[in-house]
């Protein structure tokens, strides 16, 4: 009996620790996203330049905070839809934090010598990108509707849907899935409706409420058991 009680107490403790860890992880992710947005928008002094195409875009689509343009709609109020980092003396770009929702990004007039295509992986909304003249458009010219040189900048416009370019693309996605764009030159495979799991092999909707119910129930039961056993132990002492 003592062994069983100790085992149940250990299970309850593990459940509580797991739930608390999940909460801490999600809280830290939220805080980090706010911090990285602030860092990105304040990477350069001042706000979006009035001679930047980001300024023109933001006048009708959003509002400016630092060097970022955020969406006006309720669903996009915290989403970066435009980013102006032009003429900021940036020599290296390793990531662009949480700006994958951006429609327009200006990196022109910077001494950037190299830029990885993977930086723009996931930037499926990006429709206009301004780069220093010596850099090529991510994914190559074939990933854009129009590429031109203007005002000492390379302008990549109209991101193409790579899924519609190659006939064999569907073969790269497993059965019960479909190809969807995932940034210039990138794609991802998404499960069809009613399919989920590894390689979309499981049919039906993911049992979200069932999983949450089991987790919540086990946490409540475990917490109650732990409180009861520890309380009784305290009385005995």
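Each Cβ is built from the backbone N, Cα and C atoms, and glycine gets one as well.
Summarising the annotation, TrEMBL assigns domain 'EGF-like' to 189-200. When averaged over the domain 'EGF-like' (189-200), pLDDT in the model lands at 85.
Among the features that TrEMBL reports, transmembrane segment is placed at 12-31 (among others).
For 208-228 (among others), the entry in TrEMBL reads transmembrane segment.
Here the domain 'EGF-like' (189-200) has, by DSSP, the following mix of helix, strand and coil residues: 3 helix, 5 strand, 4 coil.
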